[in-house]
Amino acid sequence: MTQAILQLSEIEKAFPGVKALDKASLNVYPGRVMALMGENGAGKSTLMKVLTGIYHMDAGSIQYQGQPAAFKGPRDSQEAGISIIHQELNLIPELTIAENIFLGREFTGSMGRIQWSKMYAEADRLLQRLNVKHSSKTLLGDLSLGEQQMVEIAKALSFESKVIIMDEPTDALTDTETESLFKVINELREQGCGIVYISHRLKEIFEICDDITVLRDGKFIGECRVADTDEDGLIEMMVGRKLEEQYPRIDVKHGETCLEVVGLTGSGVHDVSFTLKRGEILGISGLMGAGRTELMKVIYGALPSEHGVINLDNKTINPVSPQDGLANGIAYISEDRKGDGLVLGLSVKENMSLCALDKLTKGVQIQHGEEVIAVEDFIKLFNIKTPTRDQIIGNLSGGNQQKVAIAKGLMTKPKVLILDEPTRGVDVGAKKEIYQLINKFKADGMSIILVSSEMPEVLGMSDRILVMHEGRITGEFDAKDADQEKLLACAVGKKINEEAA
């Protein structure tokens, strides 16, 4: 194999109470795509932060283009030709696309004036390369999350980088946007660029990557060619054991109807009706922009409804705020856990109990003893990997943050639990744990709505499935009668109704 353009060797990094990296290594080769795999908490993000100078390593070495390297920070590594596209976007909604791409390095003339036309033309060229249909004069805030991700990628391309690190780049992308990204990755590969591709989507790894490096518990487990392994072998390397059934669905006798929605119309939702029983998992499928999240937010009270009826336990409710939703007994776990779900600067305990303070308060006093017992119970039940309950949640891995977000909803003791993309950005091992928790809630008689863009997840975990297109329900199926082909047909607007009688 060619000489590596970038080598991270036996990197060590410790934080109070946890050794994040324990002799972790990574090689990046020119003209090849290296997948960096591992469960949440395996050390992938920490390794990238050591590389780009955000963290200082305790031991180990970095070689870049055959020379020892130590970067002072992301700007330093970027100027050297190493760009990183983070999972959390680093963009400003109030600026145009072009201003975001060239922020801090605007094109200027001899008098120091910004050469706007030249800057917009170059930004438009980058957008065209990524098949983004917007003018670079468009405000970033007017773009969808997926389109904003493409702007972040355009920004990395503008540096003419020799190494590009992509952290979950397709998480918020549509299938079409993912295809455009893969075309660009192939172009970069042909130009000799070395790419690090971090993703939990195994299908993508086998489609776009050449090599795989696996980390587990901060340790280097191995490097192999994609052609020399398969999904089962890769999962075993990542989790250290074989995963049996991927979707552990259980059969539970359903109780009475808990939630009934009739003719609901609101923000992005048109004339939606459905029911949900106790002990039932109702899957909601559809393409990006179909209105799934909007429907959940209208039911929860985070978006306004125009007309229609929501009945909970045979009583009509009219939630006009998330507080109403919680008070009614509806918990909504957002798809955007870092934007809507969690306060990253607060501790695990504070995040978990934030929405349940009324249940932990007597008079005006928070019952801290009860709070600690409840939080510790959830940490144990959910197998949340944290040194203590007082750990700042921003320091936890994505999978553990997601478990805290779900626990936060359950602390309110809801009748209906809405899970919007509960396993997005979560590794295969943590996914299995989340599925097992969902089954536990189901067995306890809780009513669950599972919104997911992953059709196998909806098919594997749901009892019944609704499909949405342009804010309307275009299909309803019993899980045993559904398959990906039927769901996709409904997702693009073809009406089917095959619910079992």
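Even glycines carry a Cβ here, placed using N, Cα and C.
The domain 'ABC transporter 1' annotation in Swiss-Prot covers 6-242. For GLY38, GLU39, ASN40, GLY41, ALA42, GLY43, LYS44, SER45, the entry in Swiss-Prot reads ATP binding site. Marked as domain 'ABC transporter 2' by Swiss-Prot: 253-495.
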Other CB atoms, at most 10 A from the CB of SER45 (ATP binding site): 22
Residue, out of the binding-site residues GLY38, GLY41, GLY43, whose Cβ gathers the largest set of other Cβ atoms within 10 Å: GLY38
Which same-chain residues, if any, lie at least 6 apart from LYS44 (ATP binding site) yet have Cβ under 8 Å of it: LEU36, MET37, GLY38, ASP167, ILE198, LEU215
